Amino acid sequence: MKKQELNQAFTHVFGREADATFFSPGRINLIGEHTDYNGGRVFPAAITLGTYGAARKRDDKLLRFYSANFEELGIIEISLDHLIFNKKDSWTNYPKGVIKYLQEAGHSIDTGMDVYVFGNIPNGSGLSSSSSLELLIGIMAEELFDLKLDRLDLVKIGKRTENDFIGVNSGIMDQFAIGMGAEKKAIYLDTKTLEYDLVPLDLGDNVIVIMNTNKRRELADSKYNERRTECEKAVEELNVLLDIKSLGELDEETFDEYAYLIKDAKRIKRARHAVSENQRTLKAKKALAAGDLEKFGRLVNASHVSLEHDYEVTGIELDTLAHTAWEQEGVLGARMTGAGFGGCGIAIVAKDKVAALKENVGRIYTETVGYAPAFYIAEIAGGSRVLSRK
């Protein structure tokens, strides 16, 4: 969406020009799935699909929100003095949480805003539309109220909004990737220390294709929180003899030696995924840095296998996409990305084989599942940013 279109859309809804326009990306995760809340490593990248916004500062205490994605809801009005979760307020609960926690952190947001939002991340696709929105609202407030805001602090406020305001027990990966993203680079992040490297994403003659199951997933209502609880229980059981804060501290050899302490076969599988995926992510970074794309692809495939069999978060939709992609010519690797239970997969595929991938995977998926998937090329983008000022 062009800056001029954003301004025109804002003026059409609110009757006045915006003070500034903004963009906040979505994200994919190359590898390192369900490791961020297990104290492990992740390897995400911001993408050019994302959330556009325009905003104007008000003189009163009114927050007015409008989303072009939810036109039927019209303008949703909320008082700055009444920032509490209310299911009736739909998507605006995310902005409310961000503003509330910015205020609690000592930042002065003393008047309201008019906010226009348009996202081209498919809702429920697992490409982090909610985190994209959280960071968008954060940079709007930063710009309009001249806040002296450290980007990492804003990332943490986004995570807190997700956890404490919305009620989803997610890790920090999504907000970090969206807030700290850089063009043509992936972020290798240690979620325990928040130390990170920006790694050039040089895929040669290959591209990343996002494969959308078109099965919407509702994170808070899914088994996401259940998986986290299973892993936390496994840590408790391992700590009968070990002294660890998270599964991310273990290598596979140590885990295999002490896995007998976990008293439930299902929890052993969950913990084994967290440990092995963490090690795969470390190997994947090294493979990418060395230009060994074939090894990188094999690790991506192994990640899906572990998510399918040990963590059990895939389902027929994601499995059909990944398994079918593995059989296609020119595919280095494919797996689910995001929390699972629907959402999207990714495939790393030769540029000249993309059309065949779409045709073949699309056909087999439609025959198997009963409706068609969608495909997009993932361009790697910079993080949340101001597009224009008045």
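The backbone N, Cα and C atoms fix where each Cβ goes, and this holds for glycine too.
Every protein chain shown contributes to the tally, and the Cβ of ASP174 (active site, proton acceptor) ends up with 30 other Cβ atoms within 10 Å. For the recorded site, ASP174 (active site, proton acceptor), the DSSP three-state label reads helix. Positions annotated as active site, proton acceptor by Swiss-Prot, on the basis of sequence analysis: ASP174.
Taken residue by residue with DSSP, ASP36 (substrate binding site) is part of a helix. Feature annotation from Swiss-Prot assigns substrate binding site to GLU33, HIS34, THR35, ASP36, TYR224.
Here Swiss-Prot flags SER67, GLY124, SER125, GLY126, LEU127, SER128, SER129, SER130 as ATP binding site, drawing on sequence analysis. Secondary structure at SER125 (ATP binding site), as computed by DSSP, is coil.
Residues annotated as Mg(2+) binding site in Swiss-Prot: SER130, GLU162. A simple way to gauge crowding: the CB of GLU162 (Mg(2+) binding site) has 25 other CB atoms within 10 angstroms, across all the protein chains here.
What Swiss-Prot records for ARG27 is site 'Transition state stabilizer', and it gives sequence analysis as the kind of evidence. Cβ neighbour count for ARG27 (site 'Transition state stabilizer'): 30 (other Cβ atoms within 10 Å of its Cβ, all protein chains included). Taken residue by residue with DSSP, ARG27 (site 'Transition state stabilizer') is part of a strand.
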Inter-residue C-alpha distance, HIS34 (substrate binding site) and ASP174 (active site, proton acceptor) (nearest angstrom): 11
Minimum Cα separation from ARG27 (site 'Transition state stabilizer'), reported as the residue among binding-site residues GLU33, GLY126, SER128, SER129, SER130 that achieves it: SER128
Spatial neighbours, same chain, of SER67 (ATP binding site) - Cβ under 8 Å, 6+ residues apart: LEU73, TRP91, TYR116, VAL117, PHE118, GLY119
Cα-nearest neighbour of ASP36 (substrate binding site) within the listed recorded positions, GLY124, SER125, GLY126, SER129, ASP174: ASP174
